[in-house]
Amino acid sequence: MFAAARFVDPWRFQPNVEVYLLGGFLVAAYIYVVRVIGPKAVPSGAAVITRRHLWCFVLAMLVLFSASTWPIHQIGEDYLYFMHMIQHMMLSYLLPPLVLLATPEWLLRVLIGNGRTYRVVAFFTRPVVAAVLYNGVIMLLHVPGIVNTATVNGPLHYLLHVALVLTALLMWAPVVGPLPELRMRPAGTMIYLFLQGVVPTVPAMWLSMADNPVYRHYGQQAVRVWGISAMDDQQVAGVLMKIAGGWYMWIIMGYIYFARFGKEAADANTYRRQRPVTESVVRPG
């Protein structure tokens with residue numbers, strides 16, 4: 001992520017050492033807190049983590065490595081903007097919820113306590129605050145001057161990715177965060193996710209309907225991967241942002257709706273089965 005070199009061969013393997021180091025650190029840290037801190041933090045006999053926590057962590061690491069290393073990172077940074085869009089969607093739509101789902105409640109409570117740090121986290125994970133911060137970063141990431149500069153400035157590119165992931169973590173916390181008191185109720189969650197899918201349509205439509213390449217870096221790239229023109233590349237990026245991002249939110253909303261509906265229906269059936277049957281006695285006249 002730090003390096004912003006230009007490659008004559010788009011498919012030549014390029015190592016991203018900083019990503020390997022980051023991933024190794026995260027894996028080692030997760031193992032440490034689960035094996036060393038966890039047994040001291042949970043009640044005796046209670047599970048430190050569940051199978052869901054473990055699988056979500058594994059998937060989160062796979063997403064991190066896939067989005068931040070060759071070939072997605074190199075091709076997205078140097079050649080195709082739609083690949084850059086896929087990278088950003090992986091870092092904002094997939095990685096953050098998986099990280100939150102991989103985090104057990106006790107771990108986050110150990111990290112933030114119940115004092116000032118907890119209050120700060122509670123404030124920034126309020127739906128309105130989190131949504132404003134996240135969507136502000138999304139809009140910032142589509143400013144032509146910032147995009148053109150970030151593609152040739154490794155540290156800036158890295159910082160923008162960090163800002164995207166951090167604000168996405170805040171945005172997803174009210175939906176799948178490990179602390180129950182900071183999560184929204186199902187109805188509010190569906191409205192929240194619907195609105196999250198609306199804001200990105202603004203830059204998506206702008207990209208899809210522009211008459212010329214918006215970003216100089218990608219428009220002037222002489223090497224056209226797969227023969228995709230600069231305009232087609234830009235329009236595909238806009239369509240991905242609008243349709244794929246929107247459908248992703250709708251799928252989650254549908255899951256929440258049917259999960260809630262199914263639970264209510266099951267509870268109603270259980271109540272009807274368990275309700276005592278009163279027999280009416282007819283007295284002779």
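Cβ atoms here come from the backbone N, Cα and C positions, even for glycine.
Caution: TrEMBL annotation is automatic and unverified by curators.
Annotation source TrEMBL lists transmembrane segment at 20-42 (among others).
Per TrEMBL, transmembrane segment is recorded for 54-73 (among others).
Annotated transmembrane segment per TrEMBL: 93-112 (among others), in sequence order. Counting only same-chain residues 6+ beyond the ends of the transmembrane segment (93-112), those with a CB under 8 A from a CB of the stretch are 30, 33, 37-38, 41-42, 48-50, 52-54, 56-57, 59-60, 63-64, 67, 118, 121, 165, 168-169, 171-173, 175-180, 245, 248.
Long-range contacts of the transmembrane segment (124-146) within the same chain: residues 88, 92, 160, 163-164, 167-168, 170-171, 173-174, 177, 182, 184, 188, 192, 195-196, 199-200, 202-203, 206-207, 214-216, each at least 6 residues beyond the stretch ends and with a Cβ under 8 Å from a Cβ of the stretch. Summarising the annotation, TrEMBL assigns transmembrane segment to 124-146 (among others).
Residues 1-2, 18, 68, 88, 91-93, 95-97, 99-101, 103-105, 107-109, 124-127, 129-131, 133-134, 136-138, 140-141, 146, 150, 189, 192-193, 196, 252 of the same chain, all 6+ positions outside the transmembrane segment (158-179), place their C-beta atoms under 8 angstroms from a C-beta of that stretch. Sequence annotations record features per position, and here TrEMBL assigns transmembrane segment to 158-179 (among others).
Taken from TrEMBL, the feature transmembrane segment applies to 191-209 (among others).
Sequence annotations record features per position, and here TrEMBL assigns transmembrane segment to 239-258 (among others).
The stretch from 20-42, 54-73, 191-209 with the most CB pairs below 8 A to the transmembrane segment (239-258) is 191-209. Same-chain residues lying 6 or more positions outside the transmembrane segment (191-209) and placing a CB less than 8 Å from one of its CB atoms are 127, 131, 134-135, 138-139, 142, 171, 174-175, 184, 234-235, 237-239, 241-242, 245-246, 248-250, 252-253, 256.
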